[in-house]
Amino acid sequence: MGILAINKHEKIVTLKYFVMVVLMVCPSAYARGRFSDEFEPTFGGNRVRVWGRTNQLLSLSLDKYSGSGFRSKKEYLYGRVDMQVKLVGGNSAGTVTTLYLTSDQSTGTHDEIDFEFLGNVSGHPYTLHTNVFSHGKGNREQQFHLWFDPTANFHTYSFVWNPKLIMFLVDETPIRVFRNYENHGVAFPKNQPMRICSSLWNADDWATQGGLVKADWSKAPFTAYFRNFNIDACVGPIGAHSSCVTGPTTFAHSRGPTYRKPARGSWRNHDLDARSRNRMRWVQKHFMVYDYCKDWKRFSSQGYPPECKH
C-alpha cells in the first residue's frame with residue numbers, strides 16, 4: 001500500500017513539473033492589432049473588409065447569398081485572446097456572430113471554445129451562447145443575456161485557457177469557468193492547438209426563438225465590427241517546434257467601456273479572486289438564461305455530466 005501511494009505521489013509531482021516546465025518555456029505571444037498580419041478570410045469574399053490606415057478595424061457582412069468569416073494564420077495552445085466586437089444592430093433576427101477557438105474539426109475529436117451571439121428582433125436582447133468541446137464532445141452550453149446593448153458600442157470578449165481552466169470574460173467580468181476535472185473523468189482541451197475564428201452567418205432555422213423568427217433580408221447587409229485584438233499565447237503544439245512571439249499591446253483607439261490591458265503572460269496563473277468570483281455570481285444570478293447543468297429534463301435518464309457535480 002505504501003509503494004502504491006509513493007508511485008501515485010511521484011506521478012502527480014511529475015505531472016505538475018511537466019506543466020510548470022511547459023509554461024516556463026512558452027513565453028507569451030502578441031500581435032499588434034493589424035488584422036492583415038495575423039488573420040485571413042475563410043469565406044465570404046469581399047464581405048470581409050479590413051479598414052483604416054493601419055488595418056486595425058475589420059468588418060464581416062451577411063446578405064441573403066452568403067455570410068463571411070476569418071481566422072488566425074497561427075494556431076495556439078494555451079493563452080489569452082481578447083477581441084473588441086460591435087454586433088449587428090437593429091433587427092438582427094436569424095443572424096449569428098461567432099468568436100471561437102477551434103482545433104482541426106476534420107479529426108472528429110476536435111476541441112473548441114465558443115462565443116456565439118444569437119440575434120433577435122429590434123428591442124429584444126441578444127443571447128450570448130457559450131460552449132466547450134473537448135475530444136469531440138460538446139453539449140456544455142450556458143447562455144446569457146448581457147447587461148448592456150452590444151450593438152451600441154464595442155465591448156471586449158475574452159478567453160483565458162490554461163492547464164487548469166477555461167474562462168469566458170466580457171469587459172473583464174468573468175461569466176463562466178470550465179475547470180479541468182480530468183481526475184474525475186472529464187476530458188479537457190490540452191493537446192490540440194487551436195485557431196482563433198470568427199464568422200457571421202444565417203441561422204434563422206434555429207437562432208431566434210427556435211427558428212420562429214426569420215431573417216428580414218430587407219435589412220441586409222447585416223454587419224458586425226471587430227477591433228483591438230490581443231493574442232497572448234503559445235504558438236503551435238507544445239514540443240520541439242513550439243515557439244512564441246512577443247510584441248507590444250495597444251488599445252490606443254479604444255472607445256466605450258474602459259479596458260485595462262492584462263499583464264503579459266498573466267493567463268498562466270489566471271483564476272478567480274474574491275472580486276471576480278462575486279462578479280461572476282452576479283452575472284449568473286441575473287443574466288444567465290440557460291445552464292446545461294440545471295437541465296433536469298435533458299439528463300434525467302442518464303444523470304448529469306460529471307463536471308456538474310463539482
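Cβ from N, Cα, C; glycine included.
When pLDDT values are averaged over the domain 'GH16' (8-226), the model yields 90. Among the features that TrEMBL reports, domain 'GH16' is placed at 8-226.
If you look up TrEMBL, you'll see 12-31 marked as transmembrane segment.
Per TrEMBL, active site, nucleophile is recorded for GLU112. Around the Cβ of GLU112 (active site, nucleophile), the number of neighbouring Cβ atoms within 10 Å comes to 19.
For GLU116 (active site, proton donor), the same-chain residues that are 6 or more apart in sequence and have a Cβ closer than 8 Å to its Cβ are VAL96, THR97, THR98, TYR100, LEU128, HIS129, THR130, ASN131. Taken from TrEMBL, the feature active site, proton donor applies to GLU116.
Residues or ranges marked as N-linked glycosylation site by TrEMBL: ASN120.
Counting every protein chain shown, the number of other Cβ atoms lying within 10 Å of the Cβ of ASN120 (N-linked glycosylation site) is 20. In this structure the alpha carbons, written CA, of GLU112 (active site, nucleophile) and ASN120 (N-linked glycosylation site) are 25 Å apart.
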